[in-house]
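Q: Have a look at this one.
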Amino acid sequence: MKSILDVLVPLLRTLPAGSRRFLTGYGTASAALALLDVVALGLIAALLPALVGSSDAELPLVGNVAENGMALPILTFICLLIVLKGILAVLLLRFATKRFARHEVAIGDRLFAAYLASPWEKRLGRNSAEIVRSVDVGVGITVSGVLMPAMSLFGELGTLAAVVVVLFVAQPLIAVVTMIYLGLVALLLAKVVSPRAVAIGRENREWSNRTAKTLYEALGALKEITLAGRGPEVQEQVHGTRTKSSIARAGAIQISQIPRYVLETALVLGFALLGGVGYLTGGPAGAVSAVGLFAVAGFRLIPSLTRMQAVQSSVNTSASFARQIVEDIHEGEAEMSRQRDERPQHELPDNAADIELRDVAFSYPAAAAPALHNVNVRIPAGSHVAFVGASGAGKSTMVDLLLGLLEPSHGHVLVGGEPMEFVLDSWRRRIGYVPQEVSLFDASIAQNVALAWDTARVDPERVTIALRRAQLLDTVMQRDGGLDALVGERGMALSGGQRQRLGIARALYDNPRVLVMDEATSALDTATEAAVTTAIRQLHGDVTVITVAHRLATIRDADIVFFMRGGTVAAAGTFDEVVASVPDFAEQAALAGLGKTENPVDERR
Ligand SMILES: Nc1ncnc2c1ncn2[C@@H]1O[C@H](COP(=O)(O)OP(=O)(O)OP(=O)(O)O)[C@@H](O)[C@H]1O
């Protein structure tokens, strides 16, 4: 029982107050229904002597039923009472299951909101397959495996209490022996079955998560896997994890059945025990009466105890999902309230704002060396700046800091002179971002540009303008379906260059004040890249453009080029100035056919 409360109480706290009220009401109604059992059972216990042929069946208000012929009408009343309880229980269950579906949605919403609010570094450390499973399957298991069964406990406890009361009133000695006997059986089950169920639940969660993770990863690299002939290896891997999770699930089913058989056996042995006690205290009549009472009590008690044990098993096997979910919700929400309390947000002024990094350093969690250090950069509003440098120099990390996804471990990022963390919401609304790998979802081109799963939120006019600026409109219009043509899973129906241009159109759709492009034109042919670059250049003055590019032709005309090396800005200036001051860069520029200047300048801005 304690282990159920340990899981249930934190889970209930994650539900809105209205839901808690409903669940308390549901528990009380279930317990109240059990009262009908008390009445039915009490009447049967009172009638028992008359039914076994004894003449001393005396009922209050009714009198001696053996003599006045009331036994049959009372038996009919008991049957009706039992039928009524059954009908009410089914109605209550029907009503409650619908509400439980709402709780599932409420918990899932809170969990997903918590994930979305969690800091970017934390999200980098979590596997997406695990998050998907947790938000979808995990929430379902938590509600159907913990919340619903645990709430049905109230009814079972009510039944248990009712039966115990009747037993004590009818035959106290037999009641004490019955309770001790059944208590020992329950203890045996709790000690033997429960720990195994918890372990099985943990195994199931771990191996199912691993299966999902392997499948996601394998599907993401399907082409490479097929070409490299690694299919059998992946199959073997999936077979291994699925075997383990299937064994755990089979174990869970098996362990949930054990209590039933143990309790049924206990019932049979109980007849012998209680019959013996009854015989010793009241001779043959006492034995018959004790066995009869135990049979009547057992008829209600054994199913109730079986269900309670099943609840315990269900909660135990689902507990690891529930604990993870509660922990994630608390962590995410604590982060949200920390953000709210410590970082009250205000709006940036309408005119575009300069961005400044002052003495910034950043280290990834558990990384040996900082990814960025001693970074001092100023990006004037409306300018076009570029970050260049060798692979691993820190360009993408720099971009994530500018986007406000990462926070500096040291130093400050300022927007319009204000610390970014206090204008973050307003800042992010102004940004259009094109990543190295554009993620498309299986919907229409227009939906992908507008980043909208709901077609009603798509503005076709803005989609058309964005596609035109990204040099993709003609291609789209030549396809069957035009803006409404589907892009396929992860944009499979588009070429790499088309996917990149769609990503650019997506970034332009909201008319951003700041456009951040991280290797956003690397898959384009030279002519298309030049056309996209020209279109982007036309934004000059209105929009701040921040580009990361290995292909130097893209950034030839940038106002400032920041050359990064080893996590810091080693040189800054116009393209020609950086060519003049950094031999590595000059060499790359020469290889790209972009020439060398006569006046070297070693400048840092
Ligand atoms: N999530 C992460 N956890 C730990 N270290 C990371 C993480 N992401 C990047 N790094 C490390 O930080 C450093 C800078 O990486 P970053 O991706 O910013 O480089 P980059 O200049 O953008 O490289 P590229 O041109 O190859 O994209 C690298 O040493 C990289 O290994």
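Backbone N, Cα and C define each Cβ position, glycine as well.
Just so you know, TrEMBL annotations are computer predictions that nobody has curated.
Not my notes, these are from TrEMBL:
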| type | residues | note |
| --- | --- | --- |
| TRANSMEM | 29-52 | transmembrane segment |
| DOMAIN | 29-317 | domain 'ABC transmembrane type-1' |
| TRANSMEM | 72-93 | transmembrane segment |
| TRANSMEM | 131-154 | transmembrane segment |
| TRANSMEM | 160-190 | transmembrane segment |
| TRANSMEM | 261-279 | transmembrane segment |
| DOMAIN | 355-591 | domain 'ABC transporter' |
Q: In the same chain, who gets a Cβ under 8 Å from the transmembrane segment (131-154) while lying at least 6 residues past its ends?
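A: Same-chain residues near the transmembrane segment (131-154) but 6 or more away: 4, 7-8, 11, 23, 26-28, 30-31, 96-97, 100, 103-104, 107-108, 111-112, 115, 205, 208-209, 212, 216, 307-308, 310-311, 314-315, 317-319, 321-322, 324-325, 328.
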Q: Please report, as numbers and ranges, the same-chain residues at least 6 past the borders of the transmembrane segment (72-93) whose CB is under 8 Å from any CB of it.
A: 26, 29-30, 33, 36-37, 39-40, 43-44, 47, 59, 62, 65, 155
Q: Please work out the mean pLDDT for the residues of the domain 'ABC transporter' (355-591).
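A: In the predicted model, the domain 'ABC transporter' (355-591) has a mean pLDDT of 87.
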